[in-house]
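These notes concern the structure reproduced below.
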Amino acid sequence: MKPSYSLFFHKTFLRSDLARVGVATSPGSIAVPKEREWQRIGFINLPLEPPFQIKSMKDILFIFFNHEAFRLLFCIIWLILCGMIECFMAQLSDIRYNYVYPGKTPALQDLLFDAFPYLSNVQLVNYLLETTIICTVIGLALQSPDWTTRWTILRRWCFIMGWLYLFRSITIVVTTLPSPLRDGCIAPALSLSGSVGQRFGAFFETVAGNDQSCGDNIFSGHTCVMASCALAWRIHARANRILGWLLYLIAAAGILMIIFTHYHYTIDVLLALFIVYVSWYIYMRCIRDATMHYVLGHELHTEMSVFDTNGGMTAKEKYQFLVCQPHPLGSRILMWICMYADGLDIRLRSLGTFDSRGKWRRPQPETQQTMIEC
């Protein structure tokens, strides 16, 4: 029998290890199909889950105006707000830069600046940045099995990037360094004497890559975006590893180009890589702990709960002997914030773990034990 195109596509582009465990199928397919529960947000009454197939104009409205889309809108607004705060802080940093470093101050000594060749075309960084974003968005959109997965990935990216912009707005204003540009940098006139409207408009110029600030050094925002795209692909992609390595090479080329063009110091890039990875790890850890807590009934100290459930007091004592951590390093409030941004409570309602009003249906001990044994 001649193999179908879908089977050829599945074997060629989807990762075989995910296919064996059934991850390549739609995650939304495990939701309770018969419970079409509705919930009211303000004056709008909508289903808890978006439709997986568009059969009418009403389904299109549900896709863009249901709970998943509301959370996505919240995360986009959060990203824009944090980006504007970072833009205003960069302008404040330019004012201080003009006072501390009048004229074209030479850059600080940087080891990789001396080791690598210098390229004067800074726009190469923006081109590679845009390519990384486009490849990530299109690739993950095509690979995602349903709208719930697409919204979840996009919300995660927007929420974490908003946090990175907010944190970066603090670091660029507390310490002012000389610009790494070889020809020096003069603070733009808009930052020094621009009107309120012009300062708001500078946000869109910054997004387009047409505005160059002198004081926004630590840490690299371009590296944050490209590293976040690479991590989003690493976590969510179902494609063959060849496509993944292609994206990683594009992101790595963009990050190296930041150093080649002296767009940022090497320390800016290194700090950005570390902060991005830690931010993604903390966020995903909060989602994992919340899932273990609400689905299996584990305590917030997840590892301790697993040892206690499977091995009793002896295993619990062994865990403490090996790890020496009687209290978890985490925050319940942070977990709730990540749950809300991620839409985890929506998915828990679709499984029946939360009722339509968001109340937790605590699993029974025998149910919990059966799930663990399986």
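Placement of Cβ uses the backbone N, Cα and C atoms for every residue, glycine included.
Sequence annotations record features per position, and here TrEMBL assigns domain 'Sphingomyelin synthase-like' to 213-283.
Under the heading transmembrane segment, TrEMBL lists 72-92 (among others). When Cβ-Cβ distances below 8 Å are used as the criterion, the transmembrane segment (72-92) is approached by residues 151, 154-155, 158-159, 161-163, 165-166, 168-170, 172-173, 190-191, 194, 199-200, 202-203, 206-207, 213, 215-216, 221, 341 of the same chain, each at least six residues removed from its ends.
As annotated by TrEMBL, transmembrane segment applies to 124-142 (among others).
Per TrEMBL, the feature transmembrane segment maps to 154-174 (among others).
Per TrEMBL, transmembrane segment is recorded for 218-235 (among others).
TrEMBL lists 242-259 (among others) with the feature transmembrane segment.
The transmembrane segment feature in TrEMBL is assigned to 265-283 (among others).
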Which residues, given as numbers and ranges, are at least 6 beyond the ends of the transmembrane segment (218-235) yet have a Cβ under 8 Å from it?
-> 86, 125-126, 128-129, 132-133, 135-136, 139-140, 153, 156-157, 160-161, 164-165, 168, 171-172, 175, 177, 244, 247-248, 251, 254-255, 258, 263-265, 267-269, 271-273, 275-277, 280, 284
Taking the transmembrane segment (124-142) as the reference, which of 154-174, 242-259, 265-283 gives the largest number of Cβ pairs under 8 angstroms?
-> 242-259
Contact set of the transmembrane segment (265-283) with the rest of its chain, CB cutoff 8 A exclusive, min separation 6+ beyond the ends, reads 107-108, 110-113, 156, 159-160, 163-164, 167, 177, 180, 217-221, 223-224, 227-228, 231, 235, 255, 258-259, 334, 338, 342
Can you tell me how the residues of the domain 'Sphingomyelin synthase-like' (213-283) break down into helix, strand and coil by DSSP?
-> 54 helix, 1 strand, 16 coil
